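As recorded in TrEMBL:
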DOMAIN    A:4-54  domain 'Large ribosomal subunit protein uL30-like ferredoxin-like fold'
REGION    A:64-89  region 'Disordered'
COMPBIAS  A:64-75  compositional bias 'Basic and acidic residues'
Amino acid sequence: MSYFRITLMRSGIGLPKRTQGVLKALGLRHRMKTVFYPVTPEVAGQIMKVKELISVREVEKPLTKEELREERKPDPGYYIETAMPRRQA
Amino acid sequence: MFSRTIRKSILDTRIPTSALPPPFLLPNRARFFNTTAQHVEPPTDGFKASEVATPKSPAASSRPAATSSIPSPPPPPPTPASFSPSVKEQLPLLAAQPSHYISAHIHGRPYLVTQGDIIRLPFRMPGVVPGDILRLNRASSLGSRDYTLKGAPYLDERIFECRARVMGTEAEPMRIKEKKKQRNRRTKTVRSKHKFTILRISELKVNNLEDIEG
């Protein structure tokens, strides 16, 4: 089972109500919002209606909200090499 | 008052510095502008030094979730070090020069530092106490007077060793902001006083190619 990973790159402001309705139906309410849908003809048709606004990738598994957040997070860039003794709680 | 009289007496009589009173009587002037006294944090939650000292132990994987904000040592990169010929040729030249700078990234933000520098991070680093030594392992550039090695976007972390010591935390002066709505007499005051972690770059070293590959 594969999934579409759809990200809204450009906003739907100023477009016909029908186009904005497709974005709303896909759950794309803000720019850079990412949603996952299984690969079906229905979703493919919706994607075709708003193909100028989104970027689509096919992935194996949908990511959760937390995983998407982790993906955006930069690397901490440090770790504690030598720790001072801590007070034992 | 006492400090002023001392200073005046120094200016007037031009006594040599050896004739000054002992240091504990001198006014404490060696403090940064705009900062208050250092505030030493009590050590935080159940973070244990033994787990950090032995990252390879199997117990490290079953670490409690409370320490998730503290980055754990990453596993060594599986791929053997393979550098481009120009890097192989010029890295010894870079390492041979006396002093280096590094653009180390902490939480995605670059800090251009050299050995001995003191950084005031724009945030309080969770889970560290004064005296901890941090290993900085993300850098976008490393250079000396004549050479610069740039990463795309980051350098291989085996090329350099950069360590920073946690010096403590610093607090800004209390900020008070008045919030007032129009046509309403009510005034709300918002106080804020943030803490910032101080680091000192204690070591910056460029590794040899033989050590990296061997």
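Backbone N, Cα and C define each Cβ position, glycine as well.
Curation does not apply to TrEMBL; its annotations are automatic.
Taken residue by residue, the region 'Disordered' (A:64-89) breaks down under DSSP into 8 helix, 5 strand, 13 coil. Under 8 Å from some Cβ of the region 'Disordered' (A:64-89) lie the Cβ atoms of residues 34, all in the same chain and six or more residues away from its ends.
Per-class residue totals from DSSP over the domain 'Large ribosomal subunit protein uL30-like ferredoxin-like fold' (A:4-54), listed helix then strand then coil: 19 helix, 11 strand, 21 coil.
For the domain 'Large ribosomal subunit protein uL30-like ferredoxin-like fold' (A:4-54), the model's average pLDDT works out to 96.
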